[in-house]
Amino acid sequence: MAELKNDRFLRALMREPVDVTPVWMMRQAGRYLPEYRASRAHAGDFMSLCKNRELACEVTLQPLERFDLDAAILFSDILTIPDAMGLGLYFEAGEGPRFRKVIRSEADVAALPVPDAASDLDYVMAAVREIRGALGGRVPLIGFSGSPWTLATYMVEGGSSKDFRHIKQMMYSTPEVLHALLDKLAQSVINYLNEQILAGAQAVQIFDTWGGVLSGPMYREFSLNYMQKICAGLLREHEGRRVPVILFTKNGGQWLESIADAGADALGLDWTCDIQDARRRVGDRVALQGNMDPSVLYAPAARIRAEVETILSGFGQGNGHVFNLGHGIHQFADPEKARVFVDAVHELSGRFHA
Ligand code: CP3
């Protein structure tokens, strides 16, 4: 494998010194880029794009051709695991992801297989290998998965949800059924992320998009607990280097101390938490990733730069900050504003690493 030319991102995750703060954007490959929309139209539908390794590689690299990003993220989706479990994932225009089959009962859970990632999700591993080859050591490649809780919300609700009616009913009425489902998902995620690491992912992020809809005790029991199991089951070294793990619970700001003890190297922060306060609370246990409100990209360039400066000085001097948006970049963001954001992080952060 080609030697890594820019390792700022991996160094920051390990809280090692860097010259400037590394930056990437959640959902950096996506519909806000016209070249993505063209590749997507060529592929037909979204899953065909994910399943074609050349096209998945092409769209992974698109944001890196435009912007000075310090990491690439595998182009795929968190819902590949439930799809490999036989739920029949499809995307309805304007409605988001949907499943043909939903999980509602003990029998449904018992019948679910734990996918063999190397064979059932071979298209993801093929994409990882293709991207690593194409990157040629330019920047590290991030692999990812959904958290068991977040995956379970889609599997039990049958798609996106606003009130999480069915899964919360299951959680409070038959918690043992939900635990059995989360256990299978945790095993599946461990297997899936370890295969991604073996195929070439150099860091992994767990997206817990919906952990923040739970109460504190329910979050610990039904989401954090399983992410902790995953952290304990992952390969942490590969190709002679640490493979850092990032946990991102959207709306998890009130639980940062507990999340910092789950065994990850870094925590992703959404924009609702104050990064200065977050750093004070977690100390030097973990690195922090985040956390500009993606909507700031709708503002004029000067306002974007001011916001970057506020977050950089909020984190302050020293090691352990990866800059990111607090959630995925919006579909209607102007790519030129994304450039302003990425360049501002590099231009303004040097003085925090003196
Ligand atoms: O960050 C990246 O650039 C890598 C690619 C990536 C995608 N999805 C591509 C995608 C990643 C990391 C994800 C994760 C994902 N997928 C999450 C967790 C992250 C988060 O945003 O909280 C979730 C909840 C999903 C499930 C999912 N997949 C949703 C809600 C949607 C959007 C549906 C819609 O129509 O708005 C998807 C589809 C999806 N995944 C798209 C992309 C670029 C859009 C598909 C398209 O081209 O139409």
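Placed from the backbone N, Cα and C atoms, the Cβ positions cover glycine too.
Going by what TrEMBL states, the substrate site holds Arg27, Gln28, Ala29, Gly30, Arg31, Asp77, Tyr154, His327, and the candidate of Thr209, Thr249 recorded there is Thr209. Local packing around the recorded positions Arg27, Arg31, Asp77, Tyr154, His327 was summarised as the count of other Cβ atoms within 10 Å of each Cβ; on this measure the leading residue is Tyr154. Note on the domain 'Uroporphyrinogen decarboxylase (URO-D)' (142-158): residues 24, 71-74, 76, 78-79, 81-82, 85, 87, 97-99, 102-104, 128, 164-167, 170, 178, 181-182, 185-186, 189, 192-193, 196-197, 201-211, 214, 222-223, 226-227, 230, 249 of its chain, located 6 or more positions outside it, place their CB under 8 angstroms from a CB of the stretch.
Residue counts for the domain 'Uroporphyrinogen decarboxylase (URO-D)' (22-31) under DSSP, split into helix (H, G, I), strand (E, B) and coil, are 0 helix, 1 strand, 9 coil. Closeness to ligand 1 is met by Arg27, Ala29, Asp77, these being the recorded positions among Arg27, Ala29, Asp77, Tyr154 whose Cβ falls under 6 Å from the molecule. As a whole number, the greatest separation of Cα atoms within the substrate-binding residue list Arg27, Gln28, Ala29, Gly30, Arg31, Asp77, Tyr154, Thr209, His327 is 23 Å.
Proximity of Ala29 (substrate binding site) to non-local residues of its own chain (separation of 6 or more, Cβ distance below 8 Å) is seen for Tyr36, Val59, Thr60, Gln62, Pro63, Ile73, Phe75, given in sequence order. Spacing of Tyr154 (substrate binding site) relative to Asp77 (site 'Transition state stabilizer') is 13 Å (Cα to Cα, whole number).
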